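In what follows, a single structure is set out as structure tokens and then discussed.
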Amino acid sequence: MPNEVTRGELTQPSYAAALDARDPLAACRDEFVGAESRLVYFDGNSLGRPLRATAGRLAAFVEEEWGGRLIRGWDERWYDLPLTLGDEVGRVCLGAAPGQTTLGDSTTVLLYKLVRAAVDAAESTSGSRRTEVVLDTDNFPTDRYVVEGIAEERGLTVRWIDVDRTAGVNLDQVREVVGEQTALVLLSHVAYRSGHLADARAVTAAVHDAGALVLWDLCHSVGAVPVELDAWGVDLAVGCTYKYLNGGPGSPAFAYVAQRHQDRLMQPIRGWMGHADPFLMGPAYQPAAGMRRFISGTPAVVGMLAMQDMLALIDRAGMAAVRDKSRRLTSYAVDLADARLADLGVTVASPRDPAQRGGHVTLQHERMREVTAELWRRDVIPDYRDPGGLRIGLSPLSTSFEEVRRGLEAVREVLLSPR
Ligand SMILES: Cc1ncc(COP(=O)(O)O)c(C=O)c1O
Ligand SMILES: Nc1c(O)cccc1C(=O)C[C@H](N)C(=O)O
């Protein structure tokens, strides 16, 4: 909490209004559908709001590109769209030079492809196979399930880093478990439950010291937290585009493969769209050079439209400014939780240091499941994550400080109301 501010002042509408008035990105909020409503949206890290510009983009696509160009659209733009738009995600949000990012599939499927590709290629310096994959016990379910499935398929061992639900993986834990048997380490940059932000640069270096590869799940960072994949020396990454990139329900995920690995990795879903010459329709699979080989089938072109509007907005705002707003929003949420909810038994289950926190904050209380249900009835939309976690996702460009204040005040009202 800022020193000069009293608890009473912090919770006043005028204080939130002053924060919004000082926010250089405040006007961006008006560009989203629904910004004018009283609804409090705390779930932009599950499904981002659409931008108003997207309706026009979708209509124009139907009328002009799809309706007008018909199948010629493939040659003119769509065939390369996973790669050209992937480059744009890489440039605006990931610190990735062109030719290393592609869009397609879901995050789950891309995790499968990249984990399989990495473990199949892993060899120790002595030439024998590396047989372990490292991940943490509180990683997102899909990450754990995919790795366990691949371990069964390929006869590998999963080495678990045990983490506290309110924290994330730290460097010492990584150093302790990685070794000469480690093929791959798969971690989330921002933990989906606690919001803990990993030190991706240091962890990547530690994994490399052990001779292994790292795969970062960026679902809860892309578009909220600056990422520097090239500068950090990351090997592989995946992430969702329907959260902070506002691509809409089920919009395709992205995969990053560092240039140096592309031609030696073989992904397991060998489809014609990843072939060196798809329209040759030849007898045998020959992977394309570069990122195209990580594509399997026909790309979901319609699903790639909406995120273009959000990428343009983030590009205009700048990732550094987006992160700055994100930190201020989450800090305000933590301060309000301390001022208005701590006396009711609510604790903050996210890092208190904003430098170690992503774009969401989780508040802990045994009644949060029923509190969430009641909040939804009152048009306040957070997420509930078991056990007892009320997750407040604060999409930086579409959330105001006033929204945060009203939302947390609603949590207090619900907790105080008779059961
Ligand atoms: C950290 C993380 N990884 C992976 C996923 C899975 O993504 P998808 O369901 O799009 O495959 C999600 C969200 O669902 C997530 O939050
Ligand atoms: N992908 C989701 C969906 O299809 C339905 C509901 C929620 C989601 C989510 O994205 C959940 C999110 N990954 C999480 O961190 O909880």
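Keep in mind that glycine also has a Cβ here, set from the backbone N, Cα and C atoms.
Just so you know, TrEMBL annotations are computer predictions that nobody has curated.
What TrEMBL lists as pyridoxal 5'-phosphate binding site is T107, T108, F140, P141, T142, D143, D217, H220, Y242, W272, T298. The N6-(pyridoxal phosphate)lysine feature in TrEMBL is assigned to K243.
Taking the features listed in TrEMBL, we show where each one sits on the structure.
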residue: T107; record: pyridoxal 5'-phosphate binding site; Cβ neighbours (10 Å): 23
residue: F140; record: pyridoxal 5'-phosphate binding site; Cβ neighbours (10 Å): 19
residue: T142; record: pyridoxal 5'-phosphate binding site; Cβ neighbours (10 Å): 17
residue: D217; record: pyridoxal 5'-phosphate binding site; Cβ neighbours (10 Å): 25
residue: Y242; record: pyridoxal 5'-phosphate binding site; Cβ neighbours (10 Å): 22
residue: K243; record: N6-(pyridoxal phosphate)lysine; Cβ neighbours (10 Å): 26
residue: T298; record: pyridoxal 5'-phosphate binding site; Cβ neighbours (10 Å): 14
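In the three-state DSSP assignment, the secondary structure recorded for T142 (pyridoxal 5'-phosphate binding site) is helix. Straight-line distance linking the Cα atoms of D217 (pyridoxal 5'-phosphate binding site) and the residue listed as 'N6-(pyridoxal phosphate)lysine', rounded to a whole number, equals 13 Å.
For the pair the residue listed as 'N6-(pyridoxal phosphate)lysine' and T107 (pyridoxal 5'-phosphate binding site), the C-alpha distance works out to 12 angstrom. Checking the binding-site residues T107, F140, T142, D217, T298 for a CB within less than 6 Å of any atom of ligand 1 leaves T107, F140, T142, D217, listed in sequence order. According to DSSP, the residue listed as 'N6-(pyridoxal phosphate)lysine' sits in a coil region rather than a helix or strand.
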